[in-house]
Amino acid sequence: MDLVVNEIFGPTVQGEGRSLGRRCAFLRLGGCNLSCSWCDTPYTWDWTGAGDSGVAHDPRKELHRRSVEDVLAELVEFDTDLIVISGGEPLGQQERLIPLVTALVGRGKEIEIETNGTHAAHPELVAAGVRFNVSPKLSHSGDTRKRRIVPAALTSLSAVSGSTFKFVCRNTRDLDEVAELVSEFGLRSVWIMPIGRTADDVTKHMTELADAVVERGWNLTTRLHTLLWDDKRAV
Ligand code: SF4
């Protein structure tokens, strides 16, 4: 079955989290089950202008049905060891991702899937060795807790070896909310990432967060792509 793709691009570098700076190719899938006000990829889901930008994107321009064979051929062409599958929310299409991930792993690729943590991962993706970069959303996203925190999904993703949990934070007060989730769901490998759509914003929030993050025993990541290219789209 076809995948609903927003964009494919590379070679580039992973801008966030555990693989920050690694050369990679990106597959960005369309659609998301959340609607975070500050979302940096509203063009994958916001067809009504619900987000902070107020821009209603056009699904006819942004979403493309592509066969697995097609997507595979384009990704392999970038000749990167790492493939990052992002969104939108890629686990919304996870059954359709299985043949693609299987083929990529068969070609020696490492796969990271970036998810908002509201879907439990399919056992075949786990068995294929996919690493999940889980980014549960805090209350400042504007999504209700019921939509953004799905206990069964978080518990299941936390049980997958190699999962990391990355939280977008504005200031040290947000860290208390992270701590509650970490404790409630027994999350390990916690990363804090500053909010920000410009290099100045990212640096400002990261400077405010850094000491407190280290003190709590967590990891800190910047948004390298934003520092380098601000909010520019890759394609
Ligand atoms: S979960 Fe991610 S893609 Fe979806 S609306 Fe929130 S920030 Fe955007």
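The backbone N, Cα and C atoms fix where each Cβ goes, glycine too.
Summarising the annotation, TrEMBL assigns substrate binding site to Val13, Gln14, Gly15, Arg28, Ser86. For 19-231, the entry in TrEMBL reads domain 'Radical SAM core'. The annotation [4Fe-4S] cluster binding site is assigned in TrEMBL to Cys32, Cys36, Cys39. Residues annotated as S-adenosyl-L-methionine binding site in TrEMBL: Trp38, Cys39, Asp40, Gly88, Ser135, Pro136, Lys137. Taken from TrEMBL, the feature Mg(2+) binding site covers Thr41.
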### binding-site residues (Gln14, Trp38, Ser135), the one with most neighbouring Cβ atoms at 10 Å
Gln14
### Summary
Of Gly15, Arg28, Cys32, Cys39, Thr41, Gly88, the binding-site residues with C-beta less than 6 Å from an atom of ligand 1, in sequence order, are Cys32, Cys39, Thr41, Gly88
### Task
Report the residues of the chain - excluding Val13, Gln14, Gly15, Arg28, Ser86 - with C-beta within 8 Å of the mean position of the site's C-beta atoms, for the recorded substrate site, in sequence order.
Thr12, Glu16, Cys24, Phe26, Val84, Glu114, His225
### Query
Say you check the Cα of Cys39 ([4Fe-4S] cluster binding site) against those of the binding-site residues Val13, Gln14, Arg28, Gly88, Pro136; which is nearest?
Gly88
### Query
About how far apart, in whole Å, are the alpha carbons (Cα) of Lys137 (S-adenosyl-L-methionine binding site) and Cys32 ([4Fe-4S] cluster binding site)?
13
### Task
List which of the binding-site residues Gly15, Cys32, Thr41 have their Cα within 10 Å of the Cα of Gly88 (S-adenosyl-L-methionine binding site), in sequence order.
Cys32, Thr41
### Query
Going by C-alpha distance, which of the binding-site residues Gln14, Gly15, Arg28, Cys36 is nearest to Pro136 (S-adenosyl-L-methionine binding site)?
Cys36
### Task
List, in sequence order, the residues of the same chain other than Cys32, Cys36, Cys39 whose Cβ lies within 8 Å of the centroid of the Cβ atoms of the recorded [4Fe-4S] cluster site.
Leu34, Ser35, Thr41, Pro42, Thr44, Trp45, Asp46, Gly51, Asn116, Lys137, Ser141
